[in-house]
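Asker: TrEMBL lists these features:
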{"type": "DOMAIN", "residues": "20-304", "note": "domain 'ABC transmembrane type-1'"}
{"type": "DOMAIN", "residues": "335-569", "note": "domain 'ABC transporter'"}
{"type": "TRANSMEM", "residues": "20-45", "note": "transmembrane segment"}
{"type": "TRANSMEM", "residues": "57-75", "note": "transmembrane segment"}
{"type": "TRANSMEM", "residues": "136-157", "note": "transmembrane segment"}
{"type": "TRANSMEM", "residues": "163-179", "note": "transmembrane segment"}
{"type": "TRANSMEM", "residues": "251-269", "note": "transmembrane segment"}
{"type": "TRANSMEM", "residues": "275-295", "note": "transmembrane segment"}
Amino acid sequence: MLKIIRRVLHLSGNLSKRIWGSFVCGFLESMFGLLPIAAVFIVLMELQSGNPITKELWVRVIGLIVGGLILRIGFKYAVYRLQSTAGFAFVARERISLGDRLRNVPMGFFYDHSMGDITAAVTTDLNFLENYSMHILDKVTTGILSMMAMAACILAFDWRIGVIFVAGVMLSFPVYGYMQKKGKKLSVMRQKIQSEAVAATLEYVQGISVVKSFNVCEKNLSDIEGAYENNASASYRVERVFAPLNMTYSLVFRLSSCVIMLCAGIFAVGGELSFANLSVILIASFTIFNPIEVMGQMTTMIRMMDASLDRVERIRQAKKIDQNGKDIALDCFDIAFNHVFFAYENGSPILKDVSFSIPQGSMTAIVGPSGGGKTTITRLIARFWDAQEGSITVGGHDVKEFTCDSLLKNMSMVFQSVYLFHDTIENNIKFSCPGATHEQIVEAAKKACCHEFISALPDGYNTVIGEGGSTLSGGEKQRISIARAMLKDAPIILLDEATASVDPENEAHLQQAISALVKNKTLIVIAHRLSTIRDADQILVVDNGKIAQKGVHADLIQQKGIYQNFWNIRQKARNWKLAQ
């Protein structure tokens, strides 16, 4: 319990003062709740002394009760104000921190962690922390501080009753400890099932077009229903386990209250306790355990909070790929691979002793069978992963020497699978250069051969496209992607089969756009259609993780090997017809 308080205070940084302030205000609000009992005690003491209830005494008592009520309201407001500002600011900072961390982790991180787990961390877990973390901590700290204050007051009031109070609290510790132990185990289990439900939802939504096209909606719906049923069962199991534990925990305090009343009555009958003291003890016995009882009832939420912090912390502690990097300004942009070996996490080798060089301002094409390692080469240049052996240099510097920002500012990338954001076309193009003017965006669009179709849209550049660019064709998305790369105007261009899945008309537009993009640049292109790379300064044929052939088009088509076979197959395919 104290561990989680320390943990949140550590993570909150300079917000910890607000959190401590809310703890103090919560404690004072709880203490001022005892003033009505103090007022009753004053009246009873006067009656016990045989003094009449005067107007002045009554005004004092009413003033004490009303004053306590006003102070409670004031401190309660302060608690909510401090908790809400600290809680929202804390989680907002965590969201930004997680976003920054995810931006700088190796791509392998996303293979080791499911998308459901990552999504749940930045949504479900942070939403839970945002809405409940400060409230939970307030109840816990108020319970602890109130317990200590009450013990001191009761011991001063009557040490025998104080000993019974302390004994009752101590009897609750084993139950509370068992609840904590069970809570951690069940919270981790429920968290895992929640991640699976989130992953099932994401998969269902992202694959809805495939589901519909194969008419398997019922099967897929049953899968997602199963995930939600498991989630409901896990939640029910948690409640089923904790219901009797919470009742047992409360029963300890109810029995302790009964023992206090019984002993107080015995002491009063024996003349060892005055009527006023007896009355106050009887009234207080119903409420003195309330703060500790509420703290125990928070056990489930405390363990859920702990599990949420664990999952968020795993992302926060993920190793940054550029944690030892430096900002390096380049004056040349040649690229070299020197005996590079690479394998994905726990996988077989993808690249095996790969070496080649790409001079500045030249065009290098990479071709080869699927799964040979072509895309991996471009990803390693951009340092999406780090090679296990060998070195990759850009401008004479090992890519591991750079920060990700200082390396990637020199590169523009156009992938085969383009992702556009649910935003305007202008903002999607502007994404690569946030400070660009509208005129610069239009100029880039014209060079990318997409100005015409953008202008034909009802809202032009202000047209909002669906998530992933779902409202545009494949060719239109590719041209917007090229416009985005043009606007960045980086000296190194990485093209990953940018024309592989478009029709001939769009391919002509794309080739024209690419020609404008790569002018005077260092270009690395993964080619699907060999006709597009005839003029490449260098062609690398990659097969089974190795450079099988290297040369220019004119030489490679004369050599027996993979490239010649590819070329011959393409030539035959030109005359292929659906029906002979």
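Placed from the backbone N, Cα and C atoms, the Cβ positions cover glycine too.
Whatever TrEMBL says is automated annotation, not expert-curated.
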Asker: How about long-range neighbours of the transmembrane segment (57-75): same chain, 6 or more residues beyond its ends, C-beta under 8 Å?
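Answerer: Apart from its flanks, the transmembrane segment (57-75) reaches 25-26, 28-29, 32-33, 35-36, 38-39, 42-43, 46.
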Asker: Cβ under 8 Å, sequence separation of at least 6 from the ends of the transmembrane segment (136-157): give me the contacting residues as numbers and ranges.
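Answerer: Counting only partners 6 or more residues beyond its ends, the transmembrane segment (136-157) has Cβ contacts under 8 Å with 1, 4-5, 8, 19, 22-23, 26-27, 29-31, 79, 83, 163, 165-166, 169, 277, 280-281, 284, 288, 291-292, 294-295, 298, 301-302, 305.
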Asker: Taking residues 6+ outside the transmembrane segment (20-45), which of them lie with a CB under 8 Å of any CB in it?
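Answerer: Distant Cβ neighbours of the transmembrane segment (20-45) are 9, 53, 57, 60-61, 64-65, 67-68, 71-72, 75-76, 78-79, 82-83, 86, 134, 137-138, 141-142, 145-146, 149, 275-276, 279-280, 283-284, 287, 291.
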Asker: The transmembrane segment (163-179): which same-chain residues, six or more beyond its ends, come within Cβ distance under 8 Å?
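Answerer: Counting only partners 6 or more residues beyond its ends, the transmembrane segment (163-179) has Cβ contacts under 8 Å with 147, 150-151, 154-155, 242, 245-246, 248-249, 252-253, 255-257, 259-260, 263, 288-289, 292, 296, 299.
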Asker: Need one number: mean pLDDT over the domain 'ABC transporter' (335-569).
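Answerer: Mean pLDDT across the domain 'ABC transporter' (335-569) comes out at 85.
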